[in-house]
Structures are given as C-alpha cells and as structure tokens.
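Beneath this line is the structure, given in structure tokens, with notes to follow.
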Ligand code: NAD
C-alpha cells in the first residue's frame, strides 16, 4: 500500500503527489532507476521526449512487474515539435517508445513565446486532440507564465490540468503558483531540491537537525505540505528511498514559512526564464 497522497486534477483524474523524475538520467540507467523506484513503492514517473529515455521508462515498469494501470506516466512535447502535425507525430513516437497505448499526462514542455510566431495555442489544440482520443488521459503545460496561461484561457476550451514549473525554497515562483491555485491548475514543482543547491542552507540544515530528517526530506516535505506535486531525480536506490520517506513527519507552520522566506526571486532560478528560453534541440 502506497503512503503517497493523491491530488485531484480538474478533469476528474488524480495524480500521486510524489514521483521519480528522470531528467539527466542516462538512457541505459533509466530502466534500473525506474524499477528501483517502483520496488520502493513509487507509482509516478516524470519523463520527456527531450530526456531521450522514454524507452527506459517503459522497460523499467515492465521489469518491475507492475501493472501499467497502476503507474502514472507523464511525458512532454519537445521544443522542435510545436507545429500540430509534428506534435502528432512526436506524440505517436512517445507512445511507441514507452511501449504503451496511452500516457496519463502529456505536457507542452516550454511555451517558446519567441518561436513559432508566439503560437503555442495551436500546439495546445493538438494536445486537446490527444485527450479527446483517449491517448493522453490528462493534458497540461510546463514553464507557462501567467500571460501564457491567460492566453490559453481566452483562446481555448481546456484548462491545463497542471503547470510544471521551477519551484524550490530559493525560487518560490509565487505569481505563477497563485494563478494555478485560483484557476484549478495543479502546480508541479520541478527541481524540487534545486538540484541539491538548497541542501546545505543553514535554515534547511537547522530544521533537518531538529526533525531528525535529512535536508532533502525537509525540503521535499515543504513542497508536500504546500500542496505541490514533486518528482525528485536520483539514480541511487538509497536516495530514491530517502526521498520517499517523507510521510512520517510534519513541518510546523513556522518551519514552512522559514523555508518559503529563503526565496531569492529571479536570482534563485536554477533553470532558464521561460519568457526568453528558445532552445530547440537538433
Ligand atoms: P532535483 O531538484 O530533483 O535534484 C536532483 C539532484 O539532486 C541530482 O543531482 C540528485 O543526485 C540529487 N539528489 C536527489 N536526491 C537527493 C538526496 N536525497 N540527497 C542529496 N542529493 C539528492 O532536480 P531535477 O532533476 O532538475 O528535477 C527533478 C525532475 O523535475 C526532473 O527529473 C524532471 O522530471 C523535472 N524537470 C522538469 C523540467 C521542465 O522544464 N519541465 C526542468 C527540470 C526538471
């Protein structure tokens, strides 16, 4: 039995609040990491076309002997495929690489407002098609800023189920999170431990000492209590287990506030600003 809570999405589906992220996991190591996570009890994997390891995700699930229906799989459209025809072909490829006939959640990875004449709306309509034909149970976006979300609301019929954005104590991304909270869009917090950069912060270390938990567990617990969905990345079974063991303690409201106050604004980002990010891989 899983100890991981589920969060309801605006389309009636639900998502486990904790999963495994596989960004920067070597394709050859992915099946092993996914199997290790599933053996521990994880039931949610976050991948992307850009990560080049969707095949390993499917393989890891089959190696673990877990039913497909019991695992929540997310993938994301790569930046070169925003035109609807290309999006449709790329989505077919995602399913074929995973070896399954549906994903639980499919996202536009980046809005790319300076590319494609700023048109992410026709891309979103292509994703609406994947939802309509049942091959994506839910659809959402990633790295969308408030104006991008407002534009989808004005020009399309489907509210994204999630917005996957950078959030951690050094970059709390309050405005985008608040828009999600008020429009029934679940926030998924990427780089939840800022790729390790927050773990030696004195405030984090102090709370870790006081609670008897590790710095990573304290920061992951902060996200859980704020209601965001997270999927820390690791290939090390010991860390994958450590990141799962966050449901047996509680941070006080003061601890939650102290971690939120570590925000450095724009300087705290570990990744690019979505307003200007325009990388299209070869
Ligand atoms: P993360 O914050 O999960 O940190 C990962 C790093 O921390 C790795 O180097 C790992 O070895 C280390 N680590 C993991 N557990 C640890 C522990 N218990 N103690 C000490 N160190 C530990 O960073 P991330 O991988 O960038 O983000 C997580 C996931 O978010 C990704 O795998 C991906 O699925 C998603 N993501 C999405 C986007 C996007 O644009 N949508 C961007 C980045 C990441």
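Placed from the backbone N, Cα and C atoms, the Cβ positions cover glycine too.
Here TrEMBL flags 51 as active site, proton donor. All chains included, 23 other C-beta atoms sit within 10 angstroms of the C-beta of residue 51 (active site, proton donor). Under the DSSP three-state reduction, residue 51 (active site, proton donor) is assigned to helix.
According to TrEMBL, the substrate binding site annotation covers 109. Classification of residue 109 (substrate binding site) by DSSP places it in coil, neither helical nor stranded. In sequence order, 48, 49, 50, 76, 77, 78, 79, 142, 143 make up the list of same-chain residues 6 or more apart from residue 109 (substrate binding site) whose Cβ falls under 8 Å from its Cβ.
The domain 'NADP-dependent oxidoreductase' annotation in TrEMBL covers 21-263.
Annotation source TrEMBL lists region 'Disordered' at 261-282. Residues 50, 78-80, 110-115, 143-145, 148, 166, 168-172, 174, 190-191, 194-195, 197-198, 201, 203-204 of the same chain sit 6 or more residues outside the region 'Disordered' (261-282) yet have a Cβ under 8 Å from a Cβ within it.
Residues or ranges marked as site 'Lowers pKa of active site Tyr' by TrEMBL: 76. When secondary structure is read from DSSP and collapsed to three states, residue 76 (site 'Lowers pKa of active site Tyr') falls in the strand class.
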DSSP helix, strand and coil counts for the region 'Disordered' (261-282)? 4 helix, 0 strand, 18 coil
